[in-house]
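Input: a single structure, listed below in structure tokens.
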Amino acid sequence: MNKPKYKDQFPYGILLLIFIIIIGFLLSSKSITLSLYWITGILFGVVLQKSRFCFTAAVRDPYLTGGTSLTKAALLAFAITTIGFTSIKFGGYLNNFPILGQEAIAPTSWATPIGAFMFGIGMVISGGCGSGTIMRVGEGFLLQILTLVFFIIGSIWGAHDFGWWHKHLISKGKIIFLPDIFGWLGSIVLQLLLIAFLYILADKWQKIKQDF
């Protein structure tokens, strides 16, 4: 049986690399920050595509296949970012600098778990979260192209109605910042213990499913 003959894509890769560099230079002429965003986004996409890392699969596979390798990978990523971002925030706190990201802490209410549950349903049905959808659009998956279209429509609609949601739901919630409750050390220990518990639980779940 003859093996399929694959077309050499190396020239296309060179052209794409040149295009990326040119766009990077054009963006840097306006703002070095835009150029950094461009390069970081490209690198992040390459890592996602090559590693096949998917947040959707991380929460879907334990139920469908019993596999938790991506679940454990996501938990490990959460642990690393917990340590990294806490170090950055605590460093600013010690030096009396504004704590980075404080303005992004939104009030939490019953709308948070409801919204998360609804997003989870859509994420599993469409086969991708935000980053996974964009990655698969680049790979040519038709379902993700349709998903991206409605992702954009939903985002625009949500931005248009955000004032109403903020007034009637979001603003009525409570802002929770763990270091204010447990202290910096206590909050990072608590979060890492929770991640470790979920990691052990995921590992045992996979072993139980494999025994069936």
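We count from 1, first residue shown onward.
In case you wondered, yes, glycine gets a Cβ from its N, Cα and C as well.
All annotation found in TrEMBL is predicted automatically rather than curated by experts.
Taken from TrEMBL as is:
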TRANSMEM  12-29  transmembrane segment
TRANSMEM  35-53  transmembrane segment
TRANSMEM  73-94  transmembrane segment
TRANSMEM  114-134  transmembrane segment
TRANSMEM  141-159  transmembrane segment
TRANSMEM  181-202  transmembrane segment
Restricting to the same chain and to residues at least six past its boundaries, which positions have a Cβ under 8 Å from a Cβ of the transmembrane segment (35-53)? 20, 23-25, 27-28, 70, 73-74, 131-132, 134-135, 138-139
Remote residues contacting the transmembrane segment (73-94) - C-beta distance under 8 A, at least 6 residues beyond either end: 53, 55, 58, 100-101, 179, 184, 187-188, 191-192, 195-196, 198-199, 202
Do any residues of this chain, six or more beyond the ends of the transmembrane segment (181-202), have a C-beta under 8 angstroms from a C-beta of it, and if so which? 62, 68, 71-72, 75-76, 78-79, 82-83, 86, 90, 93
